[in-house]
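Copied over from Swiss-Prot, here are the features:
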DOMAIN    185-354  domain 'tr-type G'
REGION    194-201  region 'G1'
BINDING   194-201, 240-244, 294-297  GTP binding site
REGION    219-223  region 'G2'
REGION    240-243  region 'G3'
REGION    294-297  region 'G4'
Amino acid sequence: MNALSKVRVYELSKELGISSKDLISLLKDEFSIEVKNHMSVVEEEDALLIKEFYGESKEENTEENIEEKYGDLQEAQIKVVKKNRKNKVKKNDDENDAQEEIVIEMEDTITVKELSDRLKKTYAEVIKELMMMGVMAAVNQEIDFEAAEKLGEKFEAIVVQREVDVLEESVEQYIEEEEEEGTVKRPPVVTVMGHVDHGKTSLLDAIRKEEVAASEAGGITQHIGAYTITINGEKITFLDTPGHEAFTSMRARGAQITDIVILVVAADDGIMPQTEEAINHCKAANVPMVVAINKMDRAGANPDKVKQQLAEKGLVAEDWGGDTITVPVSAHTKEGIDTLLEMVLLTAEMQELKSNPNRKAKGTVVDAKLDKGRGPVASLIVQNGTLNSGDSIIVGTTYGRIRAMFDDKGRKINSAGPSIPAEILGLSEVPSAGDRFYVVKDEKTAREMAEKRKEKTRSEYLATSKVSLEDLYSQIKEGKIKELNIIVKADVQGTIEAIRQSLEKLSTDEVKVRVIHGGVGAITETDVILANASSAVIIGFNVRPDSNAIVSAEKENVEIKTYRVIYSAIEDIKKAMIGMLEPEYKEVIQGRAEVRMTYKISNVGTVAGCYVQSGKITRNSGVRIIRDGIVIFESELSSLKRFKDDAKEVAAGYECGIMVEKFNDIKEGDTIEAYTMETIKKHTL
């Protein structure tokens, strides 16, 4: 080998047959060689010396003995930290007499303002310290427990996390100190983040390989929000979260349950706004990153440019002398995928991820939805303990007893251990994505806890004058409105919180945008009643109002806006607030028809035998297919017939045959809604 060549710590540990952690301790204690992590390099001369030393003393320095000798260092550090935390709470009486310590109890997050007040420090002092820690937060923004704890140490205060503050006597089992001997190694939970179109989904698909191919071949893809793969006999759990800037809250939520982030950056595009946003989330949550420089098969690929941009953001690549792992990959050719996963496992090894599978389970909701046949369905990640079928659980403000449990491939299972995703049935309502869940002793306890939580979180809605987006700006200027209330309905629960935060970010000094309710499914009369009582605008994403809701909204003068894309709603509200809403087209619903029978004609497609319930269906109208209150397809009519003759229009009370352009999956019971876009006079507010 070349005299100047170097070897990485993890490669050397493989040769010696010991873990990277133990080798780092060995280097420090026996050779006084300081290395940062498993990706650091040592000189070839030193590596040969270590091999020689290890070879000579192999009998007395077996892996077990080395672990006994050096592995205890980490355990001792953990014990010291835990002991120190206990000692902070239980100081000697003499010390307490000398100085009274501040003890602050908090939940998962706390605002900078509240923490400043409880620390008895000015906002400026606290914000300055946060900036020194690399956390950028304004007075009213929330910070997590880890940041608050570090801040407490700076100001000589003790910050204690209170996991569950409702019926604490029922859940105190969850905040007991973990038994050290009860913990075992668990799989890492990984989130893939990156800018839109940088190949995040392609990379996930390449990692899943045959699992994806097998599920898609049958026409069914499990939307569980997480899945587990096995590589070299070790499991890795991936969170499948959206990659757009609007889904900030989802990624922030993911960072709370994520152990490692794979940051995808296109080699030909470099760092973009969503990439920078993802980097900031990881830094704030102190989650280690492995950077996947994707699209290396492209002609314009420039990994050095990406590394330069990463360095500008404080992430210096390990081959540039830093400690950020970068792996060139191609989701298209599969190049570098195995190396990437190996780096993930090595990073996980350095983190020493452990949990106790023998306790009652707790974890987080990844996604949830309302299934017509199965009722409320929740996808969970178990973070500690083992979740069993038949367990009684509380999830946010809902509760239930697990009737059935499925893995990420849709197979029925009886239990799920730490870091394993599972889909469960048996909850009373659809929970929110990001809700924490806990197993309790029985369903009665879970119900009581859920009811108490509902009482605590129930908001009071004040009835004021009606509001619409078109006249919002004038009402703001006249001082008639200080708050814009919005009700959000969507087809999947996982997007509700992301939509909520995106809309609430639009708040200004003159008007506060507030999402007062979010739910899954069609817009109902109940939503209209709530909107009427609280002067709210109803916004639907990929869902439609039912007939009762339409009648009630017209009667009560409640505005219902429906969208397919979140950004359209944000832009409309933005324009309304600054007086620039200029609608050019207005959607006019022409009629609705119920599908009563379907006919498949070879080489032609599916014909729907329909009965027109209201209005009329015209040949040139746009149509949307609605199934169980959710829009599943939008297109145009390719054929409209009355008996065997072509028809220009069919009125209410008559039957007709309909074919929809590029859509053959029409089913009995579907509703076909016909509409036209009418040009209206431009209106400046």
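Just so you know, glycine gets a Cβ as well, placed from its N, Cα and C.
Across the region 'G1' (194-201), DSSP helix (H, G, I), strand (E, B) and coil residues number 2 helix, 1 strand, 5 coil.
For the domain 'tr-type G' (185-354), the predicted model reports an average pLDDT of 78.
Secondary structure by DSSP for the region 'G4' (294-297): 0 helix, 1 strand, 3 coil.
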